[in-house]
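Inspection log for the structure reproduced underneath, given as structure tokens.
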Amino acid sequence: MTNGRICLLLCCGASTTNGALGLYTVNAVYGDTIIMPCRLEVPDGLMFGKWKYEMPNGSPVFIAFRSSTKKSVQYDDVPDYKDRLSLSENYTLSIKNARISDEKRFVCMLVTEDDVSEEPTIVKVFKQPSQPEILHQADFLETEKLKMLGECVARESYPEGNVTWYKNGKVLQPVEEVVVISLQKIVDKSTGLFTMTSSLQYMPTKEDANAKFACTVTYYGPSGQKTIQSEPVVFDVHYPTEKVTIQVLSQRSTIKEGDNITLKCSGNGNPPPQEFLFYIPGETEGIRSSDTYVMTDVRRNATGEYKCSLMDKSMMDSTTITVHYLDLQLTPSGEITKQIGEALPVSCTISSSRNATVFWIKDNIRMRKSPSFSSLQYQDAGNYICETTLQEVEGLQKSKTLKLIVEGKPQIKMTKKTNTNKMSKTIVCHVEGFPKPAVQWTVTGSGSIINKTEETKYVNGRFSSKIVIAPEENVTLTCIAENQLERTVTSLNVSAISIPEYDEPEDRNDDNREKVNDQAKLIVGIVVGLLLAALVAGVVYWLYVKKSKTASKHVDKDLGNIEENKKLEENNHKSEA
């Protein structure tokens, strides 16, 4: 062998030396170009160089010749290498489109007149298999059943590869009646390439429902051992139902009267059960249905325990449903007409599935307490609403309305006063009543109607009508108030403008009224005291006279009578005073 010869390492393959046999090896990739350098030092007097390969029986087959003198190249007529060979000036042999059949022992020969030198080279060809695929996949797997999961196929490999199955990234080892793996290798006679097919029979468990199955093929290439993995596959695992669950499908957490209830029954098997028996309160037999059962416009009597089971009644689940309700009874309600001063009992009664909140509203204003009418007044009239809600139940609210009308016949009170300028007098007709009375002023005697009047705002059944006059002589004014119930007439004497009048000031407030009342009480007390004093004096005098009669019987009877008459007259005058 020639020292210093360099081994070529090209993309098409690699060259190594077989240490045990002392043979130089070229590793080539299937379909690429095989490059085999002649590892002999070119001797002096070289005549030509040749390449040959050895048959399995050892006989040589010459394939290429190059003359050192003529610089010409000749290729032998070998069908397997037609148009595939190339021999360079340094006697490096190249073979295009490497095949499996190119795995041979090739020999480089350099010939001189005195000697023939030979150097063998071993060619190894490698072919990477295609990415493995899992074919003939099972539609589904079943627990407790050993079933063909699929076949892992890796094609066109050389040399043959080894197939391994994985579940969730872990190697699947054969287990009797649980994991059964068989491998088949087929060689294509025309190409010499291998196709590996590994079939997997598998008995799954419920936990394999989302397991990822994959396979790999391990093969040898020019640079060593490599592995290619298939795409993972997830199989539908069928397993029986072990538990039944019933649930209420609702957009709200609570249910009230008038709602719709949808019950859903489900089993944890795969595939899930499609039919169930639903047991409704008040029904002795189960109702056959799909996985849902719908009840519309439920009432409070739908409250109770609901159940569902498999068709064979082997498994069952239950849930309790409460249908909330709220009733409100207002007595009286609607439009009610009462007379002023009458009593009106009002009650708002609540019946509900839970504690309810009740409040009253009058004329859009929330009241602090419930209304109570022992003696109706005009200000009690209005629109009353009794409203109740269940705060824990969304949308459950009830209300009823009472429209209270308080009627009354017209009541009149007239007042008069001389204005501060002493040029006119103000006469006021204070009117109460509902419906609102119409007011008319007339002058008694002449019967003329006074049209120039002023009215205050009608509030709580009360208002005032006012006129301003400057009478030159005493007059009598009449105020007429009339509504649908009655016609009321009141008259008031008014002195001429020259005579001031302040007995009934219009703007007297409650404090002034109290002061007037106190003064009246004082006057009455003084008068009563004087009368009592006069009575006592009369009694004393009467006793005195009686005693005088007894002491003076000897006095002339006529004279006594005269004196007694005088005394009686004086006494009478005092009593009158």
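Glycine is no exception: its Cβ is also placed from the backbone N, Cα and C atoms.
Curation does not apply to TrEMBL; its annotations are automatic.
Note that the structure is predicted; figures quoted are calculated from it, not measured.
Annotation comment: TrEMBL describes 1-22 as signal peptide.
Per TrEMBL, domain 'Ig-like' is recorded for 120-229 (among others).
The domain 'Ig-like' annotation in TrEMBL covers 240-322 (among others). Taking DSSP states H, G and I as helix and E and B as strand, the domain 'Ig-like' (240-322) has 3 helix, 39 strand, 41 coil.
Taken from TrEMBL, the feature domain 'Ig-like' applies to 341-403 (among others).
The annotation domain 'Ig-like' is assigned in TrEMBL to 410-490 (among others). Note on the domain 'Ig-like' (410-490): mean pLDDT across this stretch is 91.
The transmembrane segment feature in TrEMBL is assigned to 522-544.
Helix, strand and coil counts under DSSP for the domain 'Ig-like' (120-229) come to 5 helix, 68 strand, 37 coil.
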